[in-house]
Amino acid sequence: MFQLCLPRGGRALLGLRLLRGPPGAWRAVSYQPIRKVLVANRGEIAIRVFRACTELGIRTVAVYSEQDMGQMHRQKADEAYLVGRGLPPVQAYLHVPDIIRVAQENGVDAIHPGYGFLSESAAFAQACLDAGIRFVGPSPAVVRQMGDKVEARAMAIAAGLPVVPGTPAPVSGLAEARDFARDVGFPVILKAAHGGGGRGMRVVREPQELEESFSRASSEALAAFGNGDLFVEKFIERPRHIEVQILGDQHGHVVHLHERDCSVQRRHQKVVEIAPAARLQPPLRERLASDAVRLARQVGYENAGTVEFLVDQNGSYYFIEVNSRLQVEHTVTEEITGVDLVHAQLQVAAGRSLPELGLEQDKIRVNGCAIQCRVTTEDPARGFQPDTGRIEVFRSGEGMGIRLDGASAFQGALISPHYDSLLVKVVAHGPDQPAAAAKMRRALAEFRIRGVKTNIPFLQNVLAHPQFLGGVADTQFIDENPELFHLRPGQNRAQKLLHYLGHVMVNGPSTPLPVKAKAALMEPTPPPTPMGPPPEGLRAVLQREGPAGFSRALRAHRGLLLTDTTFRDAHQSLLATRVRTRDLARVAPFAAHSLSGLCSMETWGGATFDVAMRFLHECPWERLQELRRLVPNIPFQMLLRGANAVGYTNYPDNVVNRFCEVAVANGMDIFRVFDALNYLPNLLLGMEAAGRAGAVVEAALSYTGDVADPTRTKYSLQYYLDLARELVAAGTHILCIKDMAGLLTPAAARLLVAALRERFPEVPLHVHTHDTAGAAVASMLAAADAGADVVDVAVDAMAGMTSQPSMGALVACTRGTPLDTGIALEKVFEYGEYWEGARALYAAFDCTATMKSGNADVYENEIPGGQYTNLHFQAHAMGLGHKFKEVKKAYVEANKLLGDLIKVTPSSKVVGDLAQFMVQNGLSREEVEARADELSFPLSVVEFLQGYIGTPPGGFPEPFRSRVLKELPRIEGRPGASLPPMDFEALAQELGSRHGAPPSPEDLLSAALYPKVYDEFRTFTSTFGPVSCLGTRLFLEGPAIAEEFEVELERGKMLHIKALALGDLNAAGQREVFFELNGQLRSILVRDTQAMKEMHVHPKAERGAKGQVGAPMPGEVVEVRVEEGAQVAKGDPLCVLSAMKMETVVTAPVAGTVARLHVRPGMSLEGDDLIVEIK
């Protein structure tokens, strides 16, 4: 049907319409339906256009680069064709001839440019028209005018719009930019003359920044838009960024669809957009809209576009640019107006008028508020550095009022460094801004994205900020609110555990297994425990009466008291300290209820502290906290190595003091304080630290020799009595005989305990021994008869050999006698049954793998129980298993060489290291003495002789010491006395910056005691998550293929996992491991470490190595600024990286010389790949 139409200011023609564009321009327009559309773009916007086309019955064509063969937009179109073969990723989408060729060859009658790439290219728009293809956008002339920021500015001035002071044309170079900045004053902003979106844009606040910023902005503009021209403007401080959506047709009609607030930005790129803008005065809102429409009419604007303004704090506004294309944030306008902008674009391009589409100004109304968040693969904690990789898990937030526009957001998608980091646009619509923000926060909280970092935690902080919710955020909002970067990290527990299991399946155990013995398939079942709180124990006495009252209660107790070492020294002696918190915690409630009469439980300290982090990947403090929660009634006891705390070296005094304070705060009650050499100054420091913390001090006499043998004169009865006198005078609450090697025969026990009891009648006596020779039960009974109040035992399944004597044996032997322990024997049996099963989980660490019995030769070699086991393992690992008898003999000789030491950690290690050194090198004692000045001794031996662990009884062996040390320094007095105090505040700041959150008091001490171990532990847990949730066999060995199992993350949260398959090695040295998690397929890529050794792989920068500079993000090396041998100052540029079209200058973290350069221009890097080494 023909229609008579009278456009404003035009003539009526039958079947034709006339458009008046710029003054004096007229052309006839007829409706020509579009049947096939090509989208010259990728990703989310391509899919957005395809969907609109499908709804309108239009066939769709996609183009894609070689790097985008797996992209979703290619699959969503009816047809898809490769463009830019052999070109770089971005250039492929900028290759106009190829795109036009595809359109012509496949019957395309319209091309939609999307946003970015060629969307603002007048040459591309003209090429489309020249090829007889409609361009879905403004005319080429308007695209050129609006794309040229300088010409657009001139047209805005002509239309009467206020503008920001700026250069009238693109500057010819740096000198012109410098002149302009000098005239108007800093700050200024550099802008790409032929594109937007934050590319090629830099704010320059100081003159010295101009040259570098100009170079980077021009380079970015050239890469993004094919033209590096820049213009310069005065930078308006703290404005709001308000843009007005316009829509024009080919008939002279122009409408606005109200405004959007795009002020929440970083790097001049929009992060969150809102429509309509809050807190705009109605007159200002009307002026912005009317100015936008006036400018569009002035230029004869057709199709969709955006007129952008800055609004300052005083309500003044300035035109900044026109984006002659669809904007990323068009979605919020669609939500509040109900207008499908892409539908409108396509209909207008076909010749429809806005009135025909029902788009008249008085009918376009605002309904509520819409917010768009751009979820990107960027890491806010690292300056929004783009992240790349494979999306392992994707679960989106949905529901009422939520819209998702995405393309790459699916499980298995590969995020490359070549394109924009946008993953998905999330749009929330509600009646007002707070309601829309609440929907958005809920939706973002539902997202689960694993495999790449995202900005979701940052977006959640933005949405919860009062300034945002109040509608008063400006463009400085992100910069001025550093609390937005206090990110709550996602737990990501399930996926991290899959990574750990996959790592074990591919590379073997993360904890080295000394022998090939399989863990038991079944976990033991803990014995039944009554409901309710456990019975009151001796801890109640300690809490009521303090350490002195507790000491009196021990002396007043009738019968023999027991300390259970099963939770620490027993498994340290038998199972290499490898028992996990999980297996301790499962039986802890039973111990609390059924063994409440114990004097104490040894649960912590000694080697368990560092081993927990180093091998079990657990926090030792969390172990203490968990056990304390489960066993509130029995006193906990720990081993404190005097001035060495729970380490193997000397620490500043304030470290030892704070350690004791924090341990007590976490539930520790009794500190057994010892020194490997009985060196009194070290002992006194540990005693004072424990005492000041409010704990029970149990000072230990480290025992060696044989007090019952009158020929052994060095460590005689009088020696121990004298030492005990010093410890009692220093205020110990309990005296302990610490017999680490199990040398205390029944006769010696009777003699020593009786003498101590007579000399110190009011001090409780506690005896600790090992059962290496098999006589420990007899020795403990003798000690008890002689007056000992407490003896150490281990549950039967964890007793004997190099461990403590049997709990069941002591309970049974004293039952019905004055020494009756009060412990029910049947409860000991139940306790032991659990531990028998638990021990089978640690078969690879069990001393019985290499030892089949104890040995009375310990009375000759005096090897401590725990070390006896370790030496056995070490001898086998070093190929000396068949020579273990020689190692034991060498241990005796090494001990003599060193002057007959008390052998407790760390002095026992010194003797053991020297013994193995002698066996490995075939050296006798005489040969070592003769060649002492030429041999390279183990470090532990040298440091002992220097005095690093104190002075042994009787002094150092001479002339052996002098011949070994030669000119090396010697330490006089207490080794730690000269150490400066630890600066805990500085350490806390360092840890906070390194790990992204302030450390807890416990973390602070872990780092102070074991800095490298703690750092590795944190790295492990951030990578693999809470491995403590895994069963012990799975933790050690990983699952078998087709094995199904459950993992309880926390109460009420259970993972159902099945290991499905292990893939072949790929070109990157990875294997794909397949799992089923809660019924869904999951796969992860795991580097095969053995295969990687045989492949050339770019080295990584070592964490904490200040001279090693790693890539801060994945990307391509654009420029290298230094060469090997160059001198650099801190902050000097080293190279330029480009990722996702954003360039980053990598600077030197320290001053020095470039020792080695690992990159060259054009090289692709992954995050943390080594760039340079600075010496």
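Just so you know, glycine gets a Cβ as well, placed from its N, Cα and C.
Sequence annotations record features per position, and here TrEMBL assigns active site to R325. Per TrEMBL, ATP binding site is recorded for K149, E233, H268. Taken from TrEMBL, the feature Mn(2+) binding site applies to D569, K738, H768, H770. Per TrEMBL, the feature substrate binding site maps to R641, T905. Here TrEMBL flags 33-483 as domain 'Biotin carboxylation'. Summarising the annotation, TrEMBL assigns domain 'ATP-grasp' to 153-350. Taken from TrEMBL, the feature domain 'Pyruvate carboxyltransferase' covers 560-829. The domain 'Lipoyl-binding' annotation in TrEMBL covers 1100-1175. If you look up TrEMBL, you'll see K738 marked as N6-carboxylysine. Here TrEMBL flags K1141 as N6-biotinyllysine.
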Nearest-integer angstrom distance between the alpha carbons (Cα) of K738 (Mn(2+) binding site) and T905 (substrate binding site): 12
Cβ neighbours within the same chain of K149 (ATP binding site) - under 8 Å, at least six residues apart: K191, A192, A193, H194, F231, E321
Averaged pLDDT, computed only over the residues in the domain 'Lipoyl-binding' (1100-1175): 86
CB within-chain contacts under 8 A for E233 (ATP binding site), separation at least 6: V164, P165, G166, T167, V188, I189, K191, I320
Spatial separation of H268 (ATP binding site) from R641 (substrate binding site) - C-alpha basis, Å: 57
Residue among binding-site residues H268, H770 with least C-beta crowding, 10 angstrom cut-off: H268
Residue from R325, D569, H768 whose C-alpha is spatially nearest that of H268 (ATP binding site), among the recorded positions: R325
Cα distance (Å, whole number) from T905 (substrate binding site) to D569 (Mn(2+) binding site): 13
Listed binding-site residues H768, H770, T905, filtered to Cα within 10 Å of the residue listed as 'active site': none
Residue pair H768 (Mn(2+) binding site), T905 (substrate binding site) - Cα distance, angstrom, rounded: 15
ATP binding residues K149, E233, H268: largest Cα-Cα distance, in Å and rounded to whole number: 16
Residue pair H770 (Mn(2+) binding site), T905 (substrate binding site) - Cα distance, angstrom, rounded: 15
Output field, ATP shell: CB within 8 Å of site CB centroid, site K149, E233, H268 dropped: G166, I189, L190, K191, A192, M201, F231, I320, E321
Counts by DSSP class (helix H/G/I, strand E/B, coil) across the domain 'Lipoyl-binding' (1100-1175): 0 helix, 39 strand, 37 coil
